[in-house]
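Copied over from TrEMBL, here are the features:
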- 1-11: compositional bias 'Gly residues' (COMPBIAS)
- 1-30: region 'Disordered' (REGION)
- 141-159: compositional bias 'Pro residues' (COMPBIAS)
- 141-188: region 'Disordered' (REGION)
């Protein structure tokens with residue numbers, strides 16, 4: 001019952017119909033209760049899933065890429081490439097595939113299983129050889145040492161070589177092979 005303001009009439013304070021108590025300002029009304037942490041984690045997980053060619057193939061097979069809203073969401077997710085967000089990404093291939101998914105041709109091609117396998121194989125070879133290739137680029141190479149000619153060495157002193165002919169020891173009783181043949185044919 002709305003009071004009429006009489007001092008003795010039992011004034012009750014009730015809001016008038018159609019009048020709401022003051023509402024919080026719009027920035028408080030739409031503020032996430034966890035300050036966007038849940039949204040951040042969900043988007044982070046989704047962006048990292050894009051590093052998996054099999055998952056992209058699944059999205060293409062189930063026609064997610066035909067939905068313009070989903071394609072718009074992929075375009076929206078490009079903000080993850082900014083350094084303040086990129087530091088949270090553990091699979092950098094997610095950025096490559098996120099860029100590739102901006103192309104309608106790539107989205108259509110990923111529906112075919114052979115293209116999924118090609119992407120997966122290329123990703124595997126990249127991971128297999130990336131570290132060694134990267135180390136070759138990163139590690140400092142020693143500077144080539146200039147070729148300094150070696151100081152000429154003095155010629156070695158000639159060492160006299162004495163040639164000695166093999167001789168049969170004097171006390172040898174055994175005959176050599178040549179002597180045995182001579183004796184054998186001499187006796188015949």
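Going from the start of the chain as shown, residues are counted 1 onward.
The backbone N, Cα and C atoms fix where each Cβ goes, and this holds for glycine too.
Any TrEMBL annotation is an automated prediction that lacks curation.
Sequence-distant neighbours of the compositional bias 'Pro residues' (141-159) (same chain, 6+ residues past either end, Cβ-Cβ under 8 Å): none. With DSSP states grouped into helix (H, G, I), strand (E, B) and coil, the compositional bias 'Pro residues' (141-159) comes out at 0 helix, 0 strand, 19 coil.
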